[in-house]
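Residues or ranges marked as (6S)-NADPHX binding site in TrEMBL: D74, N75, G76, G77, D78, D185. Taken from TrEMBL, the feature K(+) binding site covers N75, D144, S188. TrEMBL lists 24-242 with the feature domain 'YjeF N-terminal'.
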Amino acid sequence: MFPLSGRFLARGVGHVRGYSAEQIRGAERAHLEAGEPLMARAAEGLADAVEGLVTRPGRPLRTSHVCVLAGSGDNGGDALYAAAALAARGSSVTVVPVGSRLHEGGRTAAEVAGATVLDRTSGSDEDLVRRAVEAAIRSDAVVDGIIGTGTSADPSLRGLGRAVVVALLSEPRWAGSGAAVVAVDLPSGVHPDTGAADDAVLPADLTVTFGGAKAGLLQGTGARLAGRIEVVPIGIEEDLEALTPVVET
């Protein structure tokens, strides 16, 4: 188990409040307008959690391999800045771009820190899917930063993100690879409010969520796909405490 370090693990505590995506966004709004570095806080907490998962006595971070599946939105930005932090600490990090674009600041930070960002323009999507599967199978941890709480009423994965997840789930070597899956905020393909899920979802060993647990992690299929849940404080916790949660466990 991870040291709590000011965080808490939602599994194993007596009382957990789950909030809607809109409640989370509302709590973040004033802090973002004030210029608070919420993404940086989230990414640092995510990197700490991944480091805690892949290191052990005699196995330092510099011997680890991490594969980051990065989507287009802020979820992908969190994953990219975490990739930068992990690479700077010595991990071998491969970033797979699965969205229509990458968060530019996060991409630059990851590349400067030494992460390898696969180029999706140098070949076909099928080739990128193949390279993504190989990178994931070689890794100690796969970070699922494809999509987060900004999903629509239908949280299903689409396009390249879906293709990568489907390819991994159908790859016989994946189950025996030993790679841990770390979801960023929630497993991609899970609705943040209801926990409803697509059939193409990477089940997480650990979900690192920010500010407060999302309701979809505590109910529906999402509760079965989230694995352990770690909530990283980013500065919105008091705002959330004033709200009525969607679900309590």
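Cβ coordinates are placed from backbone N, Cα and C, and glycine is handled just like the others.
Taking only the Cα positions, the spacing between D144 (K(+) binding site) and N75 ((6S)-NADPHX binding site) is 9 angstrom.
Between the alpha carbons (Cα) of G76 ((6S)-NADPHX binding site) and S188 (K(+) binding site) lies a span of roughly 11 Å. Cα spacing between D78 ((6S)-NADPHX binding site) and S188 (K(+) binding site): 14 Å, rounded to the nearest whole number. The Cβ neighbour count for G77 ((6S)-NADPHX binding site), using a 10 Å radius over every protein chain in view, is 26. Each residue in L69, G71, G76, A79, G145, I146, I147, G148, G161, A183, V184, D185, L186, P187 lies on the same chain as N75, D144, S188 and has a C-beta within 8 Å of the C-beta centroid of that K(+) site, without being one of the site residues.
For the (6S)-NADPHX site, the Cβ centre of D74, N75, G76, G77, D78, D185 serves as reference, and the other residues of the chain with Cβ at most 8 Å from it are M39, A42, G71, G73, A79, H103, G145, G148, V184. Taking the C-alpha positions, the distance from S188 (K(+) binding site) to N75 ((6S)-NADPHX binding site) comes to 10 Å. When averaged over the domain 'YjeF N-terminal' (24-242), pLDDT in the model lands at 95.
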